[in-house]
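Notes follow once the structure below has been shown.
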């Protein structure tokens, strides 16, 4: 029983990071139907930014987190403007390849400029473990979970309650109609990228704290996992991305704990395929049938 | 007389909405029947049920064709097509990026065999089959004055020609029954007149049964031997054009809907 | 009939002269071992990308799991030729790789090909990852370390022949009854069904044919490079095959040849740039996509028949 709770706690904190990343994928996909492969690398940028400002400018956790979000947002908007906007009316597969290109560029550009070494993330917050009824919880896990939840709620409020959020929903349903009623499509898409990338930047700092090591290729695997989480939850659905992220985090830690860590990714993909077969548009996705 | 297609008590529910309720109809051999009704009456849904694009909630569809009797309810769209029910679509669905002749050849797929090995290794059999089916396709296209456009991509054809090609493509499956979904939509009077001739030609030359959905009343009244009127998912009336024209229920349905 | 025979003979002549050209260039030392390596890699990539182009460009099914099928072929060859170190053993291993790969393609394809677009891409990617992870944890495959000292039974003529054979098979398939049916699925599934095309069957046919050729490429890869490990067949490998397809033009086999060659040469040239290599590669990729979103050749296809027709017309005009 204790181990189950322990694994759930571990799974939730890992899952919350996947969820933060998955939100970015799902928002971008929802609005321009693009699998933004470079999203995982924005998270890497966030982690590197956190590393530098904490080491060099001695930022504390909050300011490192917030500034990483700004850096994430800015890089997301720049990438959209230069790489994806020219391809908005091109075949979707071309935009996908461009996204892969951007991802390669960020990974290798960072490796080239700052070397591909793995480095230790500065531990600005001393790790303290609490023992609650035999279940170990570290303050970092709590911090990650709380920060992630606050950001997700904030995102939900922005999407549901603000004018910009309404514009985002409108563009994702029908860009042409949205433009007709006076919504600035370019602005809305930029805003979406900013929002999603800010979350990725935050996730970067959080993972730095959690795993204590960062490198230029760190975005690749979590990026793909987070995308799988977004698909699992129903791509385009914000609550779906959160649920998918937590689900994958818990699955992974669970299979790791029962000694099948070699197969943990296989299990994640297997669950993904099974869920898609039962619900072809993911857990929260709407299955749009083509009209004849 | 046994009818070619017998439809009994056909129902289709979408969630709580009944799109087609308890429709029974029949089509006789070599008959030209029209299906009319106000917008949203469920005409296209009925077509989709008959051609297997969507499954019916209940009811039966039975084909008594030249090859025997088949219940079509549980069959998939491609199986129904192979049994001899072909169709066109309200919003043209040609294979846009393929040539005119490829559109026709694809519709002929289930009519001929061409072994995998003989096509991959280009055995003499492959060339023989290809030549035969290409000639068949060209003959069919020539009947509809499309022989000069065999290599044109479907998307580059003028609108009216695209509609014509869609009919040719449907005929290439060698159907016993042809369903035409608003063939005259978007056509000017002259094009509509040509289309009327074309539909008659199809009916007589290919000896097939035609069921067409149409809003153009002059075309319907000129062509149809029998008319079914659908309103709010159920059959309102059936009869020959004169009967339908003077049917008070039909007049009310149309005027009431403001058409 | 006679005309067709003529075109086939011309293609045969082109293939044979290509072979002798390469042979001569190697003999007189223009092509050294380094370039030969590059050409073989290009050849293997052509086989992979042609198969994937059949699935994506012609059947319209977005598969991201091509490397999984390549892995099956590679491991079949690596395992079998270790005990049967003869050309016969090598060809047997290719056949076994193809058979296993077709079986796996059916197991993966029957459930997943019901999915659409990006959902299919992610599901196939997941399936390929599952294949890789299984290989990674098996004893017979050497686990994560992989297998080395695989006997080199494939030399450049083998690869060259296989490129020709697989391309002939795929191109001939595309221009047959089956190929047309497959293309109609890409164009409009609903219309295809209404014309009597069993959409699911043809999707599966294209998928398995693509998987079978990927297995051949995997066999050649294992035998030529003599070392394989599960990490050679990850998501990145699937993506790099996809890049060749899209760069050349989705739906153009000629484009696939051109893109595989361009990327192969680019890769070799960039070796000198060291760490900057991948940066330039990535930038080139982005720029090509922005300025040529439909790929280098779009859907254009080299056709001897068309060349002749055009040439013939010019001749007539002159007279």
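Glycine too: its Cβ is placed from the backbone N, Cα and C atoms.
Given the structure is predicted, the values throughout are model-derived calculations rather than measurements.
Taken from TrEMBL, the feature transmembrane segment applies to C:9-35 (among others).
Annotation comment: TrEMBL describes C:41-60 (among others) as transmembrane segment.
If you look up TrEMBL, you'll see C:67-84 (among others) marked as transmembrane segment. Nonlocal intrachain contacts for the transmembrane segment (C:67-84), taken as residues 6+ away from its ends with a CB within less than 8 angstroms of a stretch CB, comprise 48, 90, 92-94, 96-98, 100-101, 104-105, 108, 127-132, 135, 140-141, 147, 150-151, 153, 210-212, 214-219, 221-223, 228, 230, 232-235, 237-238, 241.
Annotated transmembrane segment per TrEMBL: C:90-110 (among others), in sequence order.
According to TrEMBL, the feature transmembrane segment maps to C:117-135 (among others). Beyond the transmembrane segment (C:117-135), the same-chain residues lying 6 or more positions past its ends with a Cβ under 8 Å from any Cβ of the stretch are 61-69, 71-72, 75, 104, 108, 141, 230, 233-235, 238.
Here TrEMBL flags C:155-174 (among others) as transmembrane segment.
The annotation transmembrane segment is assigned in TrEMBL to C:239-266 (among others). With a threshold of 8 Å between CB atoms, the same-chain residues lying at least 6 positions outside the transmembrane segment (C:239-266) that come near it are 38-39, 41-42, 45-46, 48-50, 52-53, 56-58, 64, 66-67, 167, 170-171, 174, 281, 284-285, 288-289, 294-302.
The feature transmembrane segment is assigned by TrEMBL to C:278-300 (among others).
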If you count every Cβ pair below 8 Å, which range out of C:41-60, C:90-110, C:155-174, C:278-300 shares the most with the transmembrane segment (C:9-35)? C:155-174
Can you tell me which parts of the same chain pack against the transmembrane segment (C:90-110), counting only residues 6+ beyond its ends and a CB-CB cutoff under 8 A? 65, 68-69, 72-77, 79-81, 84, 124, 127, 131, 153-154, 203-204, 207-208, 210-212, 214-216, 218-219, 223
